[in-house]
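**Student:** One structure coming up, written as structure tokens, with questions to follow.
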Amino acid sequence: MNKNMYCSFVVIVQSVSSPARSYPPLFQSALKFLGETLVWESNETVDRAKVLPEYDFIVVGAGSAGSVVASRLSEVKKWQVLLIEAGQQASHIMDVPLAAPFLQFSSINWKYRTVPMNNSCLGMEGNRCKFPRGKVMGGSSVLNYMIYTRGNRKDYDNWADMGNTGWDYNSVLKYFIKSENANLSHSEPGYHGKNGLLSVSDVPYRTPIAKAFVEAGSQIGLPVVDVNGEKQVGINYLQATMKNGLRHSTNAAFLFPAKRRSNLHVKKFSTVTKILIHKSTKKAIGVEFVRSGKKTRVFARKEVIVSGGAINTPQLLMLSGIGPKQHLADLRIPLVADLPVGENLMDHVSLGGLVATVNDTVSIRLHRVFSDPYILNELLQNHNGLYTVPGGPEALSFVDVNSPDLADGHPNLELLLVTGLYSTHEMMPKLCGMRPDLYDAVYRATEGMDGFTVFPMVMRPKSRGRVWLRDANPFHHPLIDPNYFADEADLDVIVAGVRLVQQMLRTGPMRSLNATVLETPLPGCVQHVFDTDAYWKCAARQISFTIYHLSGTCKMGPATDPTSVVDPRLRVHGISSLRVVDASIIPEVPAAHTNAPTIMIAEKASDMIKEDWDVRT
């Protein structure tokens, strides 16, 4: 029994030792959950004590993409595959959906922050937004809120139009379907898989607020749709990467079944600090990694595949001499390839301050949840109840604000419902790094109240940011500038989202809850009249909220595209035997939460690698 599991078990057992009243059979339920935990953790891949000198493929990063690639490549029995992960093993307690926000305060989060901003994040401590990233087996698929959305047909057709042959919607749809094992109450035939490794399901529990939100959206003209079906414009409850009411990460989905493959080795707690590249041939020949202060080199017979994500991947490439020439020269890093690594950073930024209170105890207040033994028992015994809500989000809507009446529109706005307030728990304002004085001035007054937050999110942002090295030390976090709202058109989308939510609040389902927008103005926006467009634009600059969809920093494109880093087969331009497989290759971020597209990218990349090495798929 590891430390995490033991501590979780102790908390559960202690919860039964309270003054006498009617209680559910928590002890028996806890034992049941503990038994499941023992089985779950027995499936975790073994941390290899000693690696071989050479492998066919080395995969850097065991996140949403790397777990998939390592699993798929190791299906070829003659190939030896090494998967290297900087983080630790996962634990079963991380799979409790409602616990998702708390994981950001743990060691499985890289805990990145932006540079101090002057155009956004102004209500956060030091004008810096937090950027959570998973540092664990399964990466951000263990840290995220489990929302499964793929994007719109036009997203991927646009990729192909940019010169990325084979990335059109019809070509990538089969890879979404390949991964998926769908168990959904509302799904369109032909768009979902039933035989994949990744479980996608409905969330077992829905609050009255979620039901009112979906009904309200329907009443203002948003159709109830399968958002992963033919069309995305509309509204519905979440589809989530969950299995039997618990999180289903890429670690559990793709690596657990591969545990007994003798040709797959996994090295945990190991940070890759450099890609080894032959000076004359410009061929990637291996990597250098550090574990517990010890440096090790391991070599690749065929390829090095970097799957570190939109922050770690550009950092590693630049440390290895692949990046902007002048930037590397400034840090005295020998140049291997002059490429725009770290540019084109995209994210789905949101206004985090659209809060409404209600007149009934129908939202998720964590103190209330934690103190109710019946809610806990429902999780432990049946994998149901409030603990199965994935971190707070329950429903979403996609809208094309440019063509709102077009049923087959290309969404540029998402409305994400979170059934709770910043005052739901003391950790909530700390989650985004909100300044205490701002919380005190605006949100403290809602303590003890019920309510919800809607995040109007820019799904096709025009603003672009950048990731670059702080210095040549691989253990120092890189510098991150998302450059939110550099293009004011992104703010117009957020204002359109606010107006849609206000329409929803005027419907019967929301009026029955007396849902009322919190009208306390933000201290940084008192120069604007509350509820004007100018006020909401100011509010978005104050409470700029990342939805954790960082992408684009190693852009995919043909060699003729000077802004690209990898070609349509994800090979780094000018360097042989080196690929990037993760969200950093995305040329334009799709109108989707990026976990599902990242898994799709990894599935397609795995097939391309097999094809390039003459293995039938």
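Placement of Cβ uses the backbone N, Cα and C atoms for every residue, glycine included.
The active site, proton donor annotation in TrEMBL covers H549. Positions annotated as active site, proton acceptor by TrEMBL: H593. Under the heading FAD binding site, TrEMBL lists V136, V272. Under the heading domain 'Glucose-methanol-choline oxidoreductase N-terminal', TrEMBL lists 309-323.
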**Student:** Cα distance, H549 (active site, proton donor) to the residue listed as 'active site, proton acceptor', nearest Å?
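**Tutor:** Between the alpha carbons of the residue listed as 'active site, proton acceptor' and H549 (active site, proton donor) there are 6 Å.
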**Student:** Should H549 (active site, proton donor) be counted as helix, strand, or coil on the basis of DSSP?
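**Tutor:** The residue in question, H549 (active site, proton donor), is coil (DSSP, three-state).
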**Student:** Between V136 (FAD binding site) and H549 (active site, proton donor), what is the CA-CA distance rounded to a whole number of Å?
**Tutor:** 18
**Student:** Is it possible to get the count of other C-beta atoms within 10 angstroms of the C-beta of the residue listed as 'active site, proton acceptor'?
**Tutor:** 28
**Student:** Fill in the CA-CA distance, V272 (FAD binding site) to H549 (active site, proton donor), as an integer in Å.
**Tutor:** 23
**Student:** Which residue counts does DSSP give the domain 'Glucose-methanol-choline oxidoreductase N-terminal' (309-323) for helix, strand and coil?
**Tutor:** 11 helix, 2 strand, 2 coil
**Student:** Under 8 Å Cβ to Cβ from the residue listed as 'active site, proton donor', same chain, six or more residues apart: give me those in sequence order, or none if nothing qualifies.
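**Tutor:** Expected: M346, D347, H348, A583, V589, H593, T594.
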**Student:** Counting across all protein chains shown, how many other Cβ atoms sit within 10 Å of the Cβ of V136 (FAD binding site)?
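**Tutor:** I get 28 for this one.
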**Student:** Which value does the mean pLDDT take for the domain 'Glucose-methanol-choline oxidoreductase N-terminal' (309-323) in this predicted structure?
**Tutor:** 99
